[in-house]
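*Asks:* What follows is a single structure, and I will ask about it in a moment.
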Amino acid sequence: MNRDLYYFGNFFLGITVIGGLLQTIIRFQLGGGMLMLESFPGWFLVLTLISLMGGLLLLKYFYHQQYRFALVADSLAALASLVFSVVVYLLLSGRGIQSWYLPAYSVSLVAGTVASISLIVPPAGKSPWIRSAGLILLLINLVSGAALIGVMRNPEMQTSDGLEKLAQWISLVGSLVPLLFIVQFTQEARRLKPDQSVTSSSRTTDQVLTSLSAVVVVLVLVFGVMLAQEAYMSSYWNKRNAAITQQMVQRFEEEAYVNKDGDTLRYLLLKPLDYAPNQKYPLVVTLPYNKYEGAEVAKLLSEQANRSQYPAFLFVPYCPPGEGWGGIPNYPTIDTIVFETLQNLKRQLSIDEARLYVTGISRGGYGSWHFIGLRPDIFAAAIPVCGGGDPSLAHNMTDVSVWAFHGRNDRNVPVSGSRDIIEAIKEAGGEPRYTEFPDEGHNIWYQVSQTPGLLDWLFAQKQN
């Protein structure tokens with residue numbers, strides 16, 4: 001290898017470090033929500049290609065140094081990583097199959113583990129920088145493998161905050177590993193004699209790499225700025241929504257229900273305006289997607305004008321992080337204690353038992369479908385927003401009034417989740433309403449809230 005190839009290698013490896021750090025910073029801010037950013041698939045593709053370029057130059061270095069074990073092992077690891085990256089990209093773009101993820105990830109981990117060992121043992125491991133990189137990569141692969149085994153044994157682990165924190169730190173450490181190869185390349189370039197640094201046969205390669213470097217700079221700037229801007233706006237709206245949620249919480253009474261087993265459900269309750277105990281009122285269950293956040297129908301109905309026009313009890317159960325309302329495979333659910341709490345409220349308050357409604361967005365949308373599929377005897381109507389239901393429970397939902405909403409371009413919750421359950425209910429004899437926004441993604445609440453007659457329709461529903 002000539003000096004220019006080492007410098008090009010450092011360039012691509014350096015860009016990989018910068019891109020990895022940017023991605024890690026955003027992941028620390030947004031957690032798994034980073035994967036839902038509209039600009040993330042494009043950024044992921046660009047960073048994958050840049051990492052591939054740096055990896056190819058690293059393989060050329062192994063070939064030049066006759067590190068055969070490292071060359072073969074790292075070539076196979078690069079191929080496995082590329083296949084896994086393609087699977088991830090397809091999933092991010094909504095065109096992949098979930099069942100591909102686990103096999104591709106497992107093969108990538110095994111290949112990566114062998115490759116890291118090839119960097120530790122001689123001859124490649126004689127360099128302290130390469131050996132250090134191998135040790136760090138081995139640790140990353142072993143920790144990632146242990147986490148994967150844990151998730152396979154206990155699927156509920158995949159929703160834990162601890163697993164996401166672990167992924168964030170692995171991302172941070174992994175993004176810094178190329179720095180060790182940069183040091184190695186820099187030392188190798190300095191050892192070259194002047195007549196070894198440039199040869200006539202390398203000029204074409206240098207020209208190609210120069211052109212690629214220019215393209216890389218443009219791509220990183222364009223997609224990096226797009227990702228950073230969207231991440232900033234997402235973080236801004238997360239904080240703003242949290243503040244708005246806190247304002248909503250202050251309008252409610254926060255209470256708790258403890259069942260006979262000692263299980264506790266915290267919840268918010270707002271009584272109807274000018275509540276009269278001798279009068280029956282409907283109750284609206286709003287299922288948030290995290291803690292009390294995402295309880296948009298409750299926010300809307302707790303406004304003074306709507307409280308006057310639609311007097312009702314508003315009930316918002318607390319959603320602990322890493323748990324949900326049901327309807328999502330391998331996801332811990334707290335649906336039973338919610339049903340118990342509703343029964344307890346019926347005994348205490350003047351609730352019109354023929355007019356219980358359930359609503360929710362995203363995780364709450366899944367929960368809304370799950371609730372009316374599991375307990376159709378409780379609910380008169382449901383408004384599931386960008387959720388998904390189990391078609392096998394459709395026969396239970398035929399007597400529940402449903403108006404569902406989804407965005408056609410939703411990458412977080414595929415639109416098929418609503419389409420399939422709507423079709424299944426129709427085939428079972430039901431008549432659900434369904435509104436699909438053709439140009440929207442996951443964040444469709446504003447459009448839903450502006451739907452003419454939505455609240456009038458909801459409060460007109462009553463069990464037979």
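All residue numbers here begin at 1 and follow the chain in the order shown.
Backbone N, Cα and C atoms are what each Cβ position is placed from, and that goes for glycine too.
Sequence annotations record features per position, and here TrEMBL assigns domain 'Peptidase S9 prolyl oligopeptidase catalytic' to 342-399. Per TrEMBL, transmembrane segment is recorded for 7-28, 40-59, 71-92, 104-121, 133-154, 166-187, 208-228.
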*Asks:* On average, what pLDDT score does this prediction assign to the domain 'Peptidase S9 prolyl oligopeptidase catalytic' (342-399)?
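*Replies:* Value for the domain 'Peptidase S9 prolyl oligopeptidase catalytic' (342-399), mean pLDDT as a whole number: 96.
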*Asks:* Can you tell me which of 7-28, 104-121, 133-154 gets the most C-beta pairs within less than 8 Å of the transmembrane segment (166-187)?
*Replies:* 7-28
*Asks:* Cβ pairs under 8 Å only, please: of the recorded stretches 71-92, 104-121, 133-154, 208-228, which one is richest in them relative to the transmembrane segment (7-28)?
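*Replies:* Selected stretch: 208-228, with the most Cβ pairs under 8 Å.
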*Asks:* Excluding the flanking five residues on each side, which residues at least 6 beyond the ends of the transmembrane segment (104-121) place their CB within less than 8 Å of a CB in that stretch?
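*Replies:* Answer is 67, 69-70, 72-74, 76-77, 79-81, 83-84, 87, 130-131, 133-135, 137-138, 140-142, 144-145, 148.
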*Asks:* For a three-state summary based on DSSP, what are the helix, strand and coil counts in the domain 'Peptidase S9 prolyl oligopeptidase catalytic' (342-399)?
*Replies:* 25 helix, 16 strand, 17 coil
